[in-house]
Amino acid sequence: MTRTIKLADGKAIPALQWGNGSGGLNGKHDPALQYGITALKTGVKAIDTAELYKTEIATGEAIKQVGAKKEDIWVTTKNIPTTAENLKANVQERISNLTFKPDLLLVHNPFVPEEGKIAEFWTLLEDLVLDGTLEGVSLGVSNYRPQDLKAVLDVARIKPVINQLEYHPYVLSHLQPVLDIHAQHGIVTEAYGPLTPLLRHPTGGPIKPILERIAARLTKELGKDVDAASVLLLWTINKGIVTVTTSTNPKNIEKIVSIEGLPDLSPEEVKEIEETGRKIYFRHYKEHMTKDFPEPDLPSDL
Ligand SMILES: NC(=O)c1ccc[n+]([C@@H]2O[C@H](COP(=O)([O-])OP(=O)(O)OC[C@H]3O[C@@H](n4cnc5c(N)ncnc54)[C@H](OP(=O)(O)O)[C@@H]3O)[C@@H](O)[C@H]2O)c1
């Protein structure tokens, strides 16, 4: 079974995705190809790549080498905002690197060449859908704050279907204004860094024992090992969030794929993780996300 989430443009996107922009793969063709092949052979159904990662060619090659049909594998790529003159060539390069049109193209960040011209950049991108260059490709954004989303939504003929950003229980309080805009405009949230509470928070914080308790329950009930990381990824999917994780460890890749076979968490468990996580603020990927977008006054470690 592949859990999917419906986008506003009607497409069904796989909820669980494997990315090649971290885990030592960023900028490295051969490892991205090798582990892309491992991921696909293990059962991964969606790959998240980007111009910035220089892994688009490896993504296309991995799909070809395992003999998968393109229509069975979802591919998201992202472009770096560029000038009006270069944009068409830029998106054509994404397509030629992959050797097919991506299912979803995201603007990687709001750093458009001319500061403040986020809306104008979106209009240029929409023109490429309307002139056929990006026909059939869903359009979205990444790392957009409330002010960035508002600028786009004010002019959008095609609303972004997704905003991909760092998402996990410890950024929920900070992200609330972004999530409110998503809800209002039918924009699906896509998570990267979803394992941050377990991997990057100094202690794991207060959700760690909850995740471990649920992992123990599932392990007992299912008669097979389920770890806290799998529970956190399952929580993210159960929240209706498209979830991009990664691994180059075959055992962890198997665990990621086997999340599809796990039963959903109970509504009480989903709520407990959310309510506990909300009391903490901890983010790994800061960049502009904390600029002109106030951080909550919450402890970062409990
Ligand atoms: N749009 C953006 O600006 C942006 C920014 C960052 C990331 N991304 C995308 O999101 C993807 C994932 O980002 P992320 O690396 O931050 O995600 P993450 O899910 O928070 O962390 C991935 C790490 O988790 C480890 N892992 C996986 N399963 C595990 C398990 N069961 N137990 C313990 N560790 C486990 C992996 O290490 P092992 O290899 O050791 O298993 C991997 O390095 C990237 O590859 C990229 O495609 C996008």
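Just so you know, glycine gets a Cβ as well, placed from its N, Cα and C.
What TrEMBL annotates here:
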type: DOMAIN; residues: 38-275; note: domain 'NADP-dependent oxidoreductase'
type: ACT_SITE; residues: Tyr53; note: active site, proton donor
type: SITE; residues: Lys78; note: site 'Lowers pKa of active site Tyr'
type: BINDING; residues: His108; note: substrate binding site
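The residue listed as 'active site, proton donor' and Lys78 (site 'Lowers pKa of active site Tyr') are 9 Å apart (CA-CA, integer value). Candidate recorded positions: Lys78, His108. Fewest other C-beta atoms within 10 angstroms, His108. In this structure the alpha carbons, written CA, of His108 (substrate binding site) and Tyr53 (active site, proton donor) are 11 Å apart. Counting only residues at least six positions away in the same chain, the Cβ atoms of Asn20, Gly21, Leu25, Asn26, Gly27, Ala32 sit under 8 Å from the Cβ of Tyr53 (active site, proton donor).
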